[in-house]
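Here's the structure, in structure tokens; my notes come after.
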Amino acid sequence: MDYIKEWILPQDPEVAEAIAQEEQRQRYKIELIASENFVSRAVMAAQGSVLTNKYAEGYPGKRYYGGCEYVDIVEDLARERVKKLFGAEHANVQPHSGAQANTAVYFAMLKPGDTVLGMNLSHGGHLTHGSPVNISGMYYNFVAYGVDQVTERIDYDVVRQLALEHRPKLIVAGASAYPRQIDFARLREIADEADSYFMVDMAHIAGLVAAGLHQNPVPYAHFVTTTTHKTLRGPRGGLILCQEEFAKAIDKAIFPGIQGGPLMHVIAAKAVAFGEALKPEFVEYQKRIVENAKVLSETLAEKGFRIVSGGTDNHLMLVDVRSKGLTGKEAEYILDEVGITVNKNTIPYDPASPMVTSGIRIGTPAVTSRGMDTLAMKKIAAAIDIALSEPNEAGAAKARDMVAALCAEYPLYPNLD
């Protein structure tokens, strides 16, 4: 990219080289990590703007620094656009990450030791949903729910049973590796019956929700958190949506509760991404993500891979690689060597450790952003099958050639040299 040569290379060749190498990796490998995506040039430019220079503690119209009149415009644009996008009453666009957004809701509504019901990490949940190694699991009494051992889907009757037994202050829904639709309306019924608050972390599916391809949690949840990247295709960051009655508590939890100055250049990039998501073409893009995931999942199944829960309703799938005599760790390494990037991932009731795993997680947002279609998904499935079924140099060479051909056919940032 020109800016690397023009601005970074003369000042810091070591950093310039690392950025250039990462650019090459993104261009010439197939990105299938479900939580990653490629932002637009407009989002990238906004994040690299002069707004990175501005401190703006507080909120629009109520800052602790002068000179905030223009960053106020940017933050207001981000808030109003995302409220329109999801039909929310209140939005806080300042969280630096999804983890910060989740922590802020806990900080606003819970006291240390309060009971919370959240999805088991090994069944597809997230670290911030009560993992004992995360602050959420250290500060609060999380009770885990998971998926049925046979269907590998959430059993809402079991969730109800746990909720009525433990009477949690908060029920958390959402996942980082769950390939099926989540019934937020049903979970709100359970929360009401248990006299619990209800929070949805829609980080992975926010883009699908915005496009109307997944049930919108906003009408059902007291709080909705998300990242702004992944399927939403914005910059890396977080977001909280809530009902107006909780607005002050949420805003205070972010600032001055757990953060200081907001990252105004990132908020500008969020505003641009929300603007993009409001356009009709974003809906078509999300439809392609889901269609690509379905075809990729079905094609892998045809080639002998077991797909957790039997398929996917969204942008991701979990693939059990034991049928190929491999662990998830081994499969991730083999695929990376041929230019396909995935991540090892536990599958429900996994006998292997989280650092080894029996599965890999695959997602289609990034390849869809490159313009890849269902035919390309079939080619990707073939390359994955060859690489993992023939873990030798001959198989690797075939897979590399297929990856190279796909990357050439669907270039990343083609007009950016």
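We number each residue from 1, going along the chain as drawn.
Note: Cβ is positioned from N, Cα and C throughout, glycine not excepted.
The secondary structure of Leu121 ((6S)-5,6,7,8-tetrahydrofolate binding site), as reduced to three states from DSSP, is helical. Sequence-distant contacts (6 or more apart, same chain, Cβ under 8 Å) of Leu121 ((6S)-5,6,7,8-tetrahydrofolate binding site) comprise Leu127, His129, Gly130, Ser131, Thr346. Feature annotation from Swiss-Prot assigns (6S)-5,6,7,8-tetrahydrofolate binding site to Leu121, Gly125, His126, Leu127, Glu245.
The DSSP secondary structure for His229 (site 'Plays an important role in substrate specificity') is coil. Spatially close to His229 (site 'Plays an important role in substrate specificity') yet at least six residues away along the chain are Ser35, Glu36, Asn37, Val39, Pro235, Arg236, Gly237, judged by Cβ distances under 8 angstroms. Residues or ranges marked as site 'Plays an important role in substrate specificity' by Swiss-Prot on the basis of sequence analysis: His229.
Here Swiss-Prot flags Lys230 as N6-(pyridoxal phosphate)lysine, drawing on sequence analysis. The local packing around Lys230 (N6-(pyridoxal phosphate)lysine), expressed as other Cβ atoms within 10 Å of its Cβ over all shown chains, amounts to 28.
Rounded to a whole value, the Cα-Cα separation of Glu245 ((6S)-5,6,7,8-tetrahydrofolate binding site) and Lys230 (N6-(pyridoxal phosphate)lysine) is 29 Å.
His126 ((6S)-5,6,7,8-tetrahydrofolate binding site) and Lys230 (N6-(pyridoxal phosphate)lysine) have their C-alpha atoms 15 Å apart, to the nearest angstrom. Across the fold, the C-alpha of Gly125 ((6S)-5,6,7,8-tetrahydrofolate binding site) and the C-alpha of Lys230 (N6-(pyridoxal phosphate)lysine) stand 16 Å from each other.
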